[in-house]
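Here the structure is laid out as structure tokens; the discussion comes afterwards.
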Amino acid sequence: MASPALAAALAAAAAEGPNGSDAGEWGSGGGANASGTDWGPPPGQYSAGAVAGLAAVVGFLIVFTVVGNVLVVIAVLTSRALRAPQNLFLVSLASADILVATLVMPFSLANELMAYWYFGQVWCGVYLALDVLFCTSSIVHLCAISLDRYWSVTQAVEYNLKRTPRRVKATIVAVWLISAVISFPPLVSFYRRPDGAAYPQCGLNDETWYILSSCIGSFFAPCLIMGLVYARIYRVAKLRTRTLSEKRGPAGPDGASPTTENGLGKAAGENGHCAPPRTEVEPDESSAAERRRRRGALRRGGRRREGAEGDTGSADGPGPGLAAEQGARTASRSPGPGGRLSRASSRSVEFFLSRRRRARSSVCRRKVAQAREKRFTFVLAVVMGVFVLCWFPFFFSYSLYGICREACQLPEPLFKFFFWIGYCNSSLNPVIYTVFNQDFRRSFKHILFRRRRRGFRQ
């Protein structure tokens, strides 16, 4: 692993000073402090072993974050089961996490291990803005996803027609613009230690107005919106479940689950797979009588044809539905007089059967889509919950410091721990998708092991 080399590079940079010269050189300033004296030795706060250990842990976290989120992007863009327009939100969210791992975390690690900012004044402002931007974009993405879930639950048909890839992409652009507006202030008002400080530091604006406004805009307000939206989704889902259970009624005497009004078993709405109908439930009595009349005519025509051909098959068929279908196919193929007599009725039955199969297939697809939406909503609820758990300690302690300053300030090691726990969230979303979503799990396996299978075949 490259952690010893990284630790050595950090130690060399600390000894060399910022920007490759004296430790005191910063922006337009010189290589000494205001009094003209040298800065002295770098303020190293970790031993060489601790530097190597922390670099190894954070390096693994960075690699894991990048690889996991790249897999998410590839899975959504290549898997047929994940190609729904709303999954573009996950692509954008994964992209934000990749940018956190590549553009923010390495510099945060260097700043932590070296105990001062080595990379100059301009990059300090850019780094702070990117840090706030990517964190804010993550939670604004989750907020937009929660609204998407709410509309897909409460306005399923209308909203699904409107939710095109173009609309989703426009929403994603709006999410990034909102995040940029919230994160722009660090570019123009980042905080810098006074000249009397030992080494240059890079930190966010320390004024109370900025601390509170950034915490509210970047975390607390989106969290409130997500909480209210998901509470509403839960209420709607609970009401629908109660209504469906009342319509279905109790289970049959044999303990079997009741069949829905479209002839599909209950499993179709729960696990996303269409179960074959246990019984044929007709929409109304008149259409059922009409079908029985057609089947009777078909059987009579089939018997006449069988008598003409000398067939001695059994009169007991496998069931009215199957007998009708088989009779229709046989009659349509038969050139005999019995086939001609029953051709009109066989065509009508074949038309009815094909229409019923299409209707059943349509209902099946709708049930599968609803089950997928349900699972997707649950997975995203887990993603949002984990995000809040990871970032709440940092934002709460940071806003508390903005209100009452030193009286409420946490010990510095604990505050830094909360800070890095927030960064860890960027690596958790792929794990959540793998654990809770079968489509992602299957797609990840296909991506990771496809080449290995090809190698074995060759």
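Just so you know, the numbers here start at 1 and follow the chain as drawn.
Using N, Cα and C of the backbone, Cβ positions are placed for all residues, glycine too.
Note that this is a predicted model, so its numbers are computed, not measured.
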CYS124: disulphide-linked cysteine among CYS143, CYS202, CYS215 [source: Swiss-Prot]: CYS202
Membrane_side_equal(TYR116, ASP148) from Swiss-Prot: no
Rounded to the nearest Å - Cα separation of ASP131 (site 'Implicated in ligand binding') and CYS202 (disulfide bond): 12
SER214 (site 'Implicated in catechol agonist binding and receptor activation') and CYS124 (disulfide bond), distance between Cα atoms, whole Å: 18
Rounded inter-Cα distance in Å - SER214 (site 'Implicated in catechol agonist binding and receptor activation'), CYS202 (disulfide bond): 17
Residues of the parent chain within Cβ reach of the topological domain 'Cytoplasmic' (77-88), under 8 Å, 6 or more residues beyond its termini: 145, 148, 152, 163-165, 167-169, 172, 372, 376, 439-440, 442-443, 446-447
Pairwise Cα distance for SER218 (site 'Implicated in catechol agonist binding and receptor activation')/CYS202 (disulfide bond) [Å, integer]: 20
Integer mean pLDDT for the topological domain 'Cytoplasmic' (77-88): 90
All-chain count of other Cβ atoms within 10 Å of CYS124 (disulfide bond): 24
Assigned conformation of SER214 (site 'Implicated in catechol agonist binding and receptor activation') - DSSP reduced to three states: helix
